[in-house]
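Below you'll find the structure I mean.
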Amino acid sequence: RPYRGARGAGRNPSVRPRRKECSTMVAVFAVFIVAVAASCINVGKALQKQGTKNLPRLVLDPKVIRTYLSDETWAAGMALDVFGGLLMVAAIARAPVSVVQPVAAGGVAVLAVYSHYKLGETLQAKEWAGVALAVIGTIGIGWNSEEQQPAELSGFRYLIGAFLVAAVVAAPGYYKWHATKDKAMNRLGVNRSGKKVVGLVGMGSPHHLRTSHQVVGTGQEGGGRVEEVFAGLQAGTFFSLSALACKLGFILGGRMSFMFVLLGLGASVGLTAFGLVCQTRGLKDGNSVVVCTCGNVAQMITAVIFGVVILGERLPTGSWTALRNWLFSWCMILGGVVLISGITVDDIPVEQIKESVDKGLGGLGGLQGLVNGMGGGRNKMILPLVNPPPRVKEGHSKE
């Protein structure tokens with residue numbers, strides 16, 4: 001007697017492999033759509049940049065807007081950009097966010113190839129290796145991904161998600177506040193050469209400056225380079241949040257009301273705009289390679305974290321081989337993006353970032369100052385009551 005219905009599907013061993021194969025093909029097709037969308041977006045932006053060379057600055061003037069629309073190169077780039085955005089929305093509605101964003105970040109490989117053949121920018125051997133890594137990694141992620149049902153969204157997931165979002169968004173803003181405070185210290189007498197000087201800063205103690213604060217210089221050698229990194233990281237985080245809002249809108253829209261789909265799309269547009277603002281600020285005075293690379297890296301990492309923690313997406317953990325292949329493909333895309341960008345270790349201000357984090361406690365003189373205050377050499381500025389000045393008895397003068 002043949003197997004019929006849902007019970008038969010659970011008993012018949014030939015049904016599950018076909019179902020798994022079908023879901024795998026759906027996931028591969030979704031990844032293909034993401035790759036095409038990312039290619040359209042990147043090539044579209046390149047065409048827009050190429051078309052703006054002979055165009056005036058874009059302002060809200062009907063005459064200027066007509067000039068832009070009449071330019072074939074810029075109009076073609078804008079059309080590709082919009083078409084890629086629509087494809088990306090369709091892919092997010094079908095594929096997990098933890099898959100969509102890494103593949104989208106790998107779309108820079110298509111831009112590199114396009115620049116080589118159409119814009120006359122010759123790629124070096126290292127950059128071609130990055131293109132190959134990004135392409136192979138994209139294929140690997142698509143092949144090892146599976147279609148999955150969204151998990152139940154609970155209040156605990158919302159709480160953890162809100163904490164993660166607040167942490168990753170507030171970190172660059174906190175650094176900007178710290179950099180502003182350093183500039184105020186410079187105006188009060190601390191020079192920009194990084195030397196330790198004496199002055200009435202912070203809580204009013206020269207000892208505080210000598211033991212705690214060493215101001216990082218501004219510009220490319222100091223805080224400016226760190227601001228480039230944080231601008232790229234913040235932009236990539238906002239792009240991941242945009243995909244998260246869009247995906248969450250589709251999930252809630254399928255369970256409750258179509259209104260959530262519209263809200264998710266609206267939030268996605270707003271978050272994308274915030275990301276573009278952060279990226280533009282970083283590109284204005286900074287190194288475009290550093291900003292874009294940090295943005296792509298942040299986009300890849302935060303998308304996986306948000307997708308797994310907030311949306312309950314599952315990595316391919318059916319077998320160790322599948323998980324290993326997925327992680328290896330993800331790392332290949334990451335390595336390809338870094339190679340294509342041409343960024344080196346010298347471009348990342350590790351020491352400046354570490355020093356900014358070390359000074360994170362502000363008036364307490366940072367972590368290092370706190371450790372010094374609690375250790376053998378007491379920091380009199382941090383712990384003034386632990387080592388008070390000696391009292392002078394009445395009738396006796398201090399020598």
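The backbone N, Cα and C atoms fix where each Cβ goes, and this holds for glycine too.
TrEMBL does not curate its annotations; it predicts them automatically.
Okay, these came from TrEMBL:
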TRANSMEM  24-44  transmembrane segment
TRANSMEM  99-116  transmembrane segment
TRANSMEM  128-144  transmembrane segment
TRANSMEM  156-175  transmembrane segment
TRANSMEM  229-252  transmembrane segment
TRANSMEM  258-277  transmembrane segment
TRANSMEM  289-311  transmembrane segment
TRANSMEM  326-345  transmembrane segment
Is the transmembrane segment (289-311) packed against any residues at least 6 beyond its ends, judged by a Cβ distance under 8 Å, and which are they?
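Sequence-remote neighbours of the transmembrane segment (289-311) are 96-102, 104-105, 108, 150-151, 153, 157-158, 160-161, 164-165, 168, 225, 228-229, 231-237, 239-241, 243-244, 247-248, 251, 275, 279, 282-283, 330, 333-334, 337-338, 341-343, 347-348.
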Which residues of the chain, 6 or more past the ends of the transmembrane segment (258-277), have a CB below 8 A from one of its CBs?
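Distant Cβ neighbours of the transmembrane segment (258-277) are 89, 234-239, 241-243, 245-250, 252, 295.
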If I count Cβ-Cβ pairs under 8 A between the transmembrane segment (24-44) and each of 99-116, 128-144, 229-252, 326-345, which range comes out on top?
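Result: 99-116.
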Please report, as numbers and ranges, the same-chain residues at least 6 past the borders of the transmembrane segment (99-116) whose CB is under 8 Å from any CB of it.
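That would be 27, 30-31, 34-35, 37-39, 41-43, 45-46, 88, 91-92, 122-123, 127, 130-131, 134-135, 137-138, 141-142, 145, 239-240, 243, 292, 296-297, 299-300, 302-304, 307, 330, 333-334, 336-337, 340-341.
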Taking a Cβ cut-off under 8 Å, which residues six or more beyond the ends of the transmembrane segment (326-345) line up next to it in the same chain?
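Residues 102-103, 105-106, 108-109, 112, 126-127, 129-141, 144-145, 289-290, 292-293, 296-297, 300, 304, 315-316.
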